[in-house]
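These features come from TrEMBL:
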- 200-216: compositional bias 'Low complexity' (COMPBIAS)
- 246-360: domain 'Plastocyanin-like' (DOMAIN)
- 541-638: domain 'Plastocyanin-like' (DOMAIN)
- 197-216: region 'Disordered' (REGION)
- 6-29: transmembrane segment (TRANSMEM)
- 41-68: transmembrane segment (TRANSMEM)
- 74-93: transmembrane segment (TRANSMEM)
- 138-157: transmembrane segment (TRANSMEM)
- 169-187: transmembrane segment (TRANSMEM)
Amino acid sequence: MGLYSIVHYADMILALLLPVFGLTAAAAVGPRSVVPRGSSAARTAVVAFGTTAILRLLCTLALGWFGWVFLASRLPAAGGCAVVCVVLLAGWVRPVPRASAPTGAHEVPGWRSPVAAVWATTAVAFITSYAQLVSPDLAGIVTVTAVVTLIAEVLWWWRLRAPGRRGTVVRVVAVAAAIGIGISVAAQASTLPPELAVTGHSGHQPGSAGSPGSPGSLGAVDVAALTGTRPDPSAVVHHFTLTAQPATIPLSSGQQVSAWTFNGTIPGPELRVTQGDLVEVTLHNELPDAGVTVHWHGVDVPNAMDGVAGVTQDAVPPGGTFVYRFVAAQAGTYWYHSHQQSSEQVRRGLYGAFIVTPRDQPQPDAGTVQPVDDAILRHRWGSEEGVTTLGLDAGLQARQVDPGRPVRLRLINAETDPATFTLTGTTVRVAAIDGTDIHQPADLPGTRILLGGGSRADLIFTMPTTPVVLRAGTVGIVYSPDGRADTHTVAVPAQFDPATYGTLTATTVPTGGAPDRHYTLRIDERLRFYDGRFVVGYTLNDALYPDTPVLQVTAGDLVDLTIINRSGLDHPMHLHGHHALVLQRDGRPTTGSPWWVDTLNVAPGQTYRIRFRADNPGIWMEHCHNLEHAADGMTLHLAYTGVTTTFHTGGITANQPE
Ligand code: C2O
Ligand code: CU
């Protein structure tokens, strides 16, 4: 939990307090009645003030809530506080006729007009939404200023009833202190990751974006032409056919789901090839009414093969066909899924495992024990309360494995929310993350590993004589010599931390020194209208797609990306076409094996710095793999200088990547 999250939650609380600020403002600007202490007039005045206060509180509460929900988001409540501050200050500097108050008089705050509170709150709501657009940091400053001012005001009422010049001095000092504290807290928050920048900057200039003679002019390459280098003619060629078609699928829970499938099965067929093979996949679309594509999640394919509707190709219409062709250069655990309306199509079932086994892996000959190699895809059917499955099975499955057999479990979180997988009952190693091997993985006495949406991890162990239990929430698999689903109760294993696991080794990108470009992405949580809907938008540098910034790079650049999550949810940030090395988490360098990711789960309050080499020209997606978030605009592009696309997304085209 960094200071960012504290600010985030403070904002939410302040949003709820908004009406109270409005109320205070209204009270502060009202005339004050001066009545003899202890008189019945004083009691009446206090009671009248009290009841009006309650009524107005309810009234402004309703109005403030309305204004907040419809006009503002959480953070901007702080912006509203700025206005309240001004009003409060106005109330303060307004001369109160104290001189005429008899000795021992009781001063009762009064109200201006009945509509004052209403206007104050409405104004707050409007200016609030405006302040959000101007600057969240400014909003942060006024948040704290407002809180301290409010406290000062309360203190003033109940303690510091100092008249005259002394009172003025106290007020001025209080306000100055409040502003000072506000600025310093907000400044601290903004400098938490020292490199906080709203937009990226470029370290070197050759043909940077928008300069004449780069994209759009002579020499520009269209993404459709980026099909990769000619494969070695001796490469083994694998032909696969994926047909997108509707099917009714029975889950182990007994439930029938009407799914969209590849080849009638869920998950789609497991595509398994050897490293270096040429993969040729023919996609047919037999869906009744929707376009479809195939994206090779985590495989750094040539851009034209990336399968993103509206960016690298047009969605394949019903009856249409598209051929994907690429060399499976990297061994590892990947998956494929439709990238046309992906939030909906993956949910309905258009996904499967894509496994590349290492080229130099010795083929086990007959007679030696055959390894178990299982790709396990987690998926949820329907809404948040829907059925979660591993493969098609809800609940606990059983699998018979003879003792002594080597086992590799390829865990794939094909779901939007992060999942914690626990493996108990054996010594285990985390062999790979996102398809990349861990260097010298240590033996763990069981493990608990968090996989963000779209992430993968390979666990390896040798089957013992007793059961091994894999669990992810309500679903799981028991591996046992007798094939029974007997579980065991053991202590919950320690949380796996990829930042410290394994040992350091040389990497293909330098881990030290300055990059050529450094971009910062700040994730916030805002209520917004998006695409005609009212959404909780997870903004990237205050914007939702298509207003999000473009990460512009030149081929060969060393690129750093700092990702700061100031929202209250996990965001599995997925970069297409590249693997990135995690350099730092929360400012601390990673110390274990090089940790390469294509999908990095960024938890609330976390900051990551990752680095990659821009070595795969094209226009690529970088988006949250909580696909609902992506559909609500949490997506942007990484674009290479000199690459253009003729494909379009949006309302009037059939292409809707998310
Ligand atoms: Cu797995 Cu852009 O997606
Ligand atoms: Cu997200």
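Just so you know, glycine gets a Cβ as well, placed from its N, Cα and C.
Taken through DSSP, the domain 'Plastocyanin-like' (541-638) splits into 5 helix, 49 strand, 44 coil. Summed and averaged per residue, pLDDT over the domain 'Plastocyanin-like' (541-638) gives 94. Taken residue by residue, the domain 'Plastocyanin-like' (246-360) breaks down under DSSP into 10 helix, 55 strand, 50 coil.
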